[in-house]
Amino acid sequence: MTTVIKNGTVYQNGHLIKADVLIDGQKIKAIGTDLEGEEIIDASGMIVSPGLVDVHVHYRDPGQTYKEDIKTGSQAAARGGFTTVGAMPNVTPVPNTAELMDKMVRENQKKGLVHILQYGPVTNDETTDIIPDYAALKKAGAFALSNDGHGVQSAQTMYLAMQKAKENNLIIAAHAQDDSLFNKGIVNEGIAAEKLDLPPVTELAETTQIARDLLLAQKTGVHYHICHVSTKTSVELVRLAKARGIKVTCEVAPHHILLTDSDIPEDNAYFKMNPPLRSKEDQVALLVGLLDGTIDLIATDHAPHAKAEKQGGMRGAAFGITGSETAFSTLYTRFVKEEKVFTLEQLLSLLTDKPATVFGIENAGLLAPGENADIAIFDIEHQREIKEDDFKSKGVNTPFTGHKVYGETVMTFVDGKVVYQRGTK
């Protein structure tokens, strides 16, 4: 069966063009004008984009499915316009053997509505210094390595891990955190910590480990990717490392450029995430880093939790917020429509072709004849209010509830199949 998406504005190769998109089965057959198909979808006034790519999600499956599972996580991704995601390995059990990795890959394929790429762990259970068999993990389907949620505390362990990752052509995506400096902190050292009388998190917990790892990456030649950079100094370190030819890339999460620690209104656990919300100076540096290419891409760090884990203030609450269903609309509304920090083309690139390129993900992040029909259609004129009742995710832990935004997902295709349509349950 053929389907033609007509009259939309298509994001292709860095440009927005008026065109139709013809889908034949699982593939894009043509992009052009006056195309015909058996089924017609009118996208007048809408943006037709490659499916968004999110290299940083937490699906909690197996082991913590009361928070999220593969089905609900991928439903949330589809509602947000994401068609390819990278799932972190902080599940129970951690997929640290070929057998466990193979099982996870098969479960992702079986239950997921979108393409789910599975991370393997840097160390066996993300906290030990035991390095698993990377070759076996890669053969079983691991697309990259991460201990996200934990920094690798031992420099020697990270050095050995980088050497082995380099041998196996695997990216290490690091959660940069020195636990001795993090010191059980909750919010950024500064305005929020003082106002709320909460334990502070110094930026040094992030920056010192980035500095260490950049030296190790320079020595080993590994592709070192930094998850959710959040400070001005982190951006400066990456900028310097890139200038020196170190193979480093990094991402920023939407909340770190949309919010600062001064936006935390009270002791509200929906504002508790790791890294924490930083200062206005840090926020500006992150935006500059995105604009000049120091920061390569945007990734959500979608981290759903049960409501009970986000009640009673920050001290006893879990770290993390959801992001799949709010990312595009909040970013578009603030930085394209209102403040004009980015063009729409720049924002779409940071969410499509750039993450696909950084991680070498084939058949993702672009619209072209012969490519997979992974497509998102966005209504950038319709305003909606972010409401908990609308979420597909089990987690509703977001500080953006009640915000009025533009850029709603109208329809999402994966391999030519509609996996989300606005107005359907």
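Keep in mind that glycine also has a Cβ here, set from the backbone N, Cα and C atoms.
Secondary structure from DSSP puts Asp148 (Zn(2+) 1 binding site) in coil. In the structure as shown, the Cβ atom of Asp148 (Zn(2+) 1 binding site) sits within 10 Å of 24 other Cβ atoms. The feature Zn(2+) 1 binding site is assigned by Swiss-Prot to His56, His58, Asp148, Asp301.
The feature substrate binding site is assigned by Swiss-Prot to His58, Tyr59, Arg60, Asn90, Asn274, His305, Phe319, Gly320. Cβ neighbour count for Phe319 (substrate binding site): 16 (other Cβ atoms within 10 Å of its Cβ, all protein chains included).
Counting only same-chain residues at least 6 apart in sequence, those with a Cβ under 8 Å from the Cβ of His228 (Zn(2+) 2 binding site) are His56, His175, Glu251, Val252, Ala253, His256, Pro275, Ala299, Asp301. Look at Swiss-Prot and you will find Asp148, His175, His228 tagged as Zn(2+) 2 binding site.
In the three-state DSSP scheme, Asp301 (Zn(2+) 1 binding site) is classed as coil. Residues annotated as active site in Swiss-Prot, with sequence analysis given as evidence: Asp301.
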Rounded distance in angstrom between the Cα atoms of His305 (substrate binding site) and Asp148 (Zn(2+) 1 binding site): 16
CB-centroid shell, 8 A cutoff, Zn(2+) 1 site His56, His58, Asp148, Asp301, site residues removed: Val57, Met88, Gly149, Cys227, His228, Ala299, Thr300, His302, Ala303
